[in-house]
């Protein structure tokens, strides 16, 4: 099945080549942009798909699938509107081709469905004969495929017939009335036969009565001649002739009484039959009226059928217009929402521009802060290098100071020892001086002691000389300590300053990062809103185009409604003229009916004038003045009278044909009696 359908769709693509389009249309990829299809629709139905509509189709599409989708959607919507408004056919939404698949994937199945709908437009347009002849001139295989596509479209168009319970009920009533009429016509035929038989019997009895009257006159005449040629003479009492005549008279009186009784019986029968005939005539008249009413009902049924079809068409059109109105209202709401959003976006853009201006001023400050931070970083690096150098010098000085302190402690300990020895020696010398002289002391002291004393003296000299260096070292140490304290103070101040600068730097970095984040967010919001504004503007342009299309469609519908109103007025005037020609007594009724209709039109016009915006909308939507009830009755009566006259003429012509000379006796006997009342000749007596 799918291969057959694809073959049909390929033949439809080949059929497009017959139309001689300017756009490329040789394969599915070339047809997916919708330009060739739009040109084909403009060529097929220029009254619907005008040059203005064709100008809305974008030509240079390329590989932009969004523009392809918009073109295809416009084409599909135009085809559906053409089927609904021009061809009066409602297509289901299941048959709507998918524009996305055609534009994105170049789907041949969906494109074939769209081509099938365009073929339906070509076959049902004003110049359909031209396109049908073009199709007939193609190859047989192409003709078969195109005919299969048309059969599929016709199968889609076929609708289910509506339920007609009321029509079935009326048809059943008509059948029963026809059966009653046939039975009554049969009874009338039988009574007519009986009447003919009685009329023949009556004529026979009248002939016999005339014969008897002639015999009586003959016997009463005195100059009568008998059978043997002799004159019978006058009749006298007691004669045989008188007796014979008397017998004959008595017998004739008896026969006369019998004939009179038979005549009275026949009169009674004929009166009964006349009553039956009158009843049957009344029934026949009733049946004729019933048949006329049935004909009227049939006509009404036909009118109601047409009205029902028109009503369905109007309902479908009304539903489409309602949908279009709802879409129009939704579009209005969307336009209002978009206008509000655009106003909000403009306000936000202005705010963002102001913020951007502020941020541009802040950018200069941030750059200044950056430069200051860079300078502070350079200063901090130099200070750090200085602090490292001072720390290194401080460590060296501490090492030297510790070595000097150790030497000082050693020297102090040795000084103490030497002092003790000096004191001991002084004490020893004083004692030696007191006891003996220097020779004794020299003799008493050993060489070791002398050596030790000499060594101590030398060391004392050295210590005295070293004590002068120690004072210099102590001064140097004090100076180094002062410098160290100064450096410590400077280092503390530098550390504090470094901490403050680092804190300021961190704060500046955090503020800068916050500002950068805010700037990034503001720029992203600005880009998003600019993109949203662009999308809203594109949607606004699309909505403006849709509104323009809808307004053009509404203007066309208004023109159609005005044309329908003019046609309706012409029909009303024709109906009035027909009524005047049929029944001149209805002129006054028509004049009386015109006045309330004019009053109703004036009141409806005043009501529509005072109805405000909603009434103007409804008047533009409908545009039709409502028909008055009396005008409808007037048109209905005129139509029924015309139908009755036409029916009577048809029945009379049929009876004239049936009563022709070339009919048999039985066929003439089966014919119904004429509708005029019968005047019986024997009813006078």
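The backbone N, Cα and C atoms fix where each Cβ goes, glycine too.
Swiss-Prot tags one of the stretches 390-409, 410-429, 430-449, 450-469 as region 'Disordered', and that stretch is 430-449. Range with Swiss-Prot annotation region 'Disordered', chosen from 636-660, 661-685, is 661-685. For the domain 'Calponin-homology (CH)' (6-122), the model gives a mean pLDDT of 86. Applying DSSP to the domain 'Calponin-homology (CH)' (6-122) sorts its residues as follows: 80 helix, 0 strand, 37 coil.
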